[in-house]
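Undergrad: Next up is a structure, given as C-alpha cells.
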Ligand code: V55
Ligand code: FE
C-alpha cells in the first residue's frame, strides 16, 4: 500500500507569509541584471545564508530561526555578478528529503524529533570563509564545510578531529593581524550544560589554545567580542532548562530577573580561573560591533535593547513584548579587566537610533576604529508602511535604511533604498588592500515589496546619497541572517576541496 505523506503546505503564520514565504529554490543565474556600474576593482564573492525550510515543519508556529540553511553566493568580476544558491546538505536536510517530510521537531529540542539524529543542526546562521573552506554555522553544533566555488556540502567539520566542543559559535572572529580564527562554543558538553569552550585556531587550521569555562547561567551566547588580549562573552538572558525541554517545551525562556553578564577572559595561555563575570542590569545584548583596548580598558560596542528581542520565546509567565515596540540602540561598555568590582558602570549610548546588524571594516576587528555600518529603522524615512507591512510577513525586523556612524563625531550618514524596500545585513568591501578604514563599498540584500523580488545594492561609503549599482535577482530571497565578503585573491590562494575533511 502506498505510504500516506502529509500535504506540502506551509502555515499562514507571519513567518511563512508574504516575503517570508519559503523560497526552497536552488540554482544558478549567470550575469544578473545590473542598473548602474560595478567598479572593476571589485573582485570577490558575497556569501550569505538564510533559514529556509525545505519542507513544512510539523511544529505549529515554528520560528524563522529553525529553517534549513540555504547559502547564496554572488560572485563579482569584471562588473558582472553571478548568482548561485544551494542548501547545506545537513543530516537533517538529507534525511527529511529522503522521507519527503519534516523529521526534526522544535528549535533546539531533540526530545520533540520524529527520529534520532546524530547532529540535528540546520547550519542556517552565518557563512564564514576560513583556510580554504566555507563554514556554514549555527551555534548548536559544529559547522558544515562547503566548497567555496560550487557550494557543494563537504560534510560536518570538526577541524580534522581537533574540535573539543559539541557546539561552535555562528560568530567566530578572524584576527586581522595573526589570521587566527577565534572561536567558542556554549552548551559545549550538550543541551543544558553550563560549559563554554573557548578556542583559537591558527591560520593553518591548527588549534593553539583551548580553555573550558563554566557560565554563571545556562543561557544564550550568540555573539562575542575579541580584543588583542581578551575575549568577551555577553550572555543573552534567554535561559535553558533541560526538564522543560524533556517535557516538550522550548529550549529558551526569557528571564528578566538575571543580570546581563559579560565574561572577560585573557587570550593566550589563560586558565579557567582567569575569567571574570561582570554584571550589568538585565538587558538584551545584540550583535557585537567591535571591541578594543585603550589605556588598559576594554571598549565593547554593541546594540542593546531593554526588551526581549526574541519575543517568540517569552518569559515564564508567557509575557513577551509587542514586536513593533522592540528597539536597540548602540552602546559602549567600558570594562576594566583588572577590576575586582564586578558591577559594571553604566554603558554610554553611542547612537540613539533603532539599529542592529552592526558591521565594520573587518581589517579593524579588535582594534580602535571610527566607522560602524548597520541596518537602521529610520522613522523619518518615507517607507510605504501600509503596503510593506502587509507584504513583509513576520520574523524579520523592519530595517529600511543602511547607516554609517562616524564614532569620532557621532555623525550618522544614511542610504535609503526606496519606499517599497527593506534592507538586510550589509558587508563592507575595502576599496583596495591598503585603503583607509571604512573607505570602500557596502553590499547588501534589499527586499523589494513592489516586485516581491530581491536586489543587491552597492553603495560607496564616501557617497551614500545614491547606489553605485542595483543588482536585480529573478527570485525572492527570504530574510537571512549573516554574510561575508571574500576577496577573489583570498579565494584563489586555495585549491578547493584540499584538506583531510572528516565527513
Ligand atoms: C540567532 C539566529 C539563530 C539562532 C540563534 O540572530 C540566534 C540570532 C538563525 O538562527 O539559532
Ligand atoms: Fe547573529
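Note: Cβ is positioned from N, Cα and C throughout, glycine not excepted.
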Undergrad: Determine which of 171, 251, 433 appears in TrEMBL for the same Fe cation site as 222, 287, 482.
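TA: TrEMBL names 171 for this Fe cation site.
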Undergrad: Around the C-beta of residue 287 (Fe cation binding site), how many further C-beta atoms are within 10 angstroms, looking at every protein chain?
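TA: Total other Cβ atoms inside 10 Å, all chains included: 20.
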Undergrad: Indicate whether residue 222 (Fe cation binding site) is helix, strand or coil by DSSP.
TA: coil
Undergrad: For the recorded Fe cation site formed by 171, 222, 287, 482, name the remaining residues of the chain with Cβ within 8 Å of the site's Cβ center, in chain order.
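TA: The surrounding set, listed in chain order, is 125, 126, 170, 223, 288, 481.
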Undergrad: In the structure shown, with every protein chain counted, which of the binding-site residues 171, 222, 482 has the densest set of Cβ atoms within 10 angstroms of its Cβ?
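TA: Compared across 171, 222, 482, the most Cβ atoms within 10 Å surround 482.
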Undergrad: List, in residue order, those binding-site residues out of 171, 222, 287, 482 with a Cβ under 6 Å from any atom belonging to ligand 1.
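TA: With ligand 1 as the reference and 6 Å as the Cβ limit, the list reads 222.
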